[in-house]
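So TrEMBL lists the following for this protein:
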DOMAIN    71-320  domain 'G-protein coupled receptors family 1 profile'
TRANSMEM  53-77  transmembrane segment
TRANSMEM  89-108  transmembrane segment
TRANSMEM  128-148  transmembrane segment
TRANSMEM  160-181  transmembrane segment
TRANSMEM  227-249  transmembrane segment
TRANSMEM  270-290  transmembrane segment
TRANSMEM  302-320  transmembrane segment
């Protein structure tokens with residue numbers, strides 16, 4: 001897990017060097033209607049223009065961010081400190097918690113800073129870095145959930161060979177594949193946005209740099225770029241969802257062959273937390289996509305995006321800690337040692 005974190009930090013450092021070399025430098029922010037051939041700043045519209053709501057939004061997002069980071073960090077520390085949790089399932093869970101911390105850290109801190117400084121400006125380089133990191137950690141969440149479904153499939157359908165199949169080498173390789181697959185997807189988005197030569201506007205109708213909104217701001221024809229992005233996203237989502245669907249199809253078939261109802265419940269209870277997180281992750285993502293397709297209000301789209309960018313990462317540690325006795329015991333032992 002530490003190696004993966006170091007790789008992420010190195011990637012972010014080299015990506016910033018790349019962006020500073022490629023990005024144009026100057027803008028006239030006074031004129032937002034003229035086509036801009038050179039952009040150095042974007043303006044995030046946020047969730048509300050009401051000055052009275054800004055302190056409430058700041059407190060709300062700060063508390064949510066702290067709960068998310070501390071909750072996921074506690075799960076990581078509990079898994080590391082408890083030898084009984086050094087198993088493939090909890091190895092993937094610790095990496096999922098790490099990805100959730102990275103995912104929420106790409107958007108919420110910037111929004112809090114914007115509220116505190118009464119400024120909604122984000123630099124061109126910062127916008128592309130935020131966009132790339134957002135896609136990287138979002139895709140990493142989806143890929144890790146798919147790997148965890150495979151882990152549950154092996155544990156239930158091939159219990160006698162579980163430790164042989166899910167050996168540490170394979171688990172580490174699966175995490176690396178998840179990371180580099182997510183990295184490739186984020187770089188596809190990054191390269192497409194870097195090809196944009198001018199923008200109609202610099203106002204992004206959200207509180208973070210959404211790649212789809214950046215394409216809408218382009219004054220050039222983005223039909224081909226949209227096709228590439230949607231095709232890449234569709235293939236990516238299809239592969240991940242197919243893996244999860246196939247794993248749970250096999251799991252359900254295997255559980256139904258168990259003669260006793262108690263045995264079926266015990267077998268399926270090991271999948272309860274993971275299945276809940278999967279439904280939450282894909283349910284909120286699909287809900288936001290459908291709402292943005294139907295709704296014509298940018299503010300409502302921004303509010304809907306809060307569900308999968310903020311709420312979902314915050315709920316994941318609660319789902320795993322409240323539904324998992326091993327995590328509860330490990331957390332209690334860790335807190336007792338710490339206190």
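Yeah, the Cβs are placed from backbone N, Cα and C, and that goes for glycine too.
All TrEMBL annotations are machine predictions without curation.
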Under 8 Å for C-beta pairs, could you tell me which stretch among 53-77, 128-148, 160-181, 227-249, 302-320 has the largest tally with the transmembrane segment (89-108)?
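Result: 128-148.
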Could you please provide the mean pLDDT value for the domain 'G-protein coupled receptors family 1 profile' (71-320)?
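When the pLDDT values over the domain 'G-protein coupled receptors family 1 profile' (71-320) are averaged, the result is 88.
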Return yes if the transmembrane segment (227-249) and the transmembrane segment (53-77) have at least 3 CB pairs under 8 Å (sequence gap of 6 or more), otherwise no.
no
Taking pairs 6 or more apart in sequence, does the count of Cβ pairs under 8 Å between the transmembrane segment (270-290) and the transmembrane segment (302-320) hit 3 or more?
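The answer is yes, given that the two segments have at least 3 Cβ pairs within the 8 Å cut-off.
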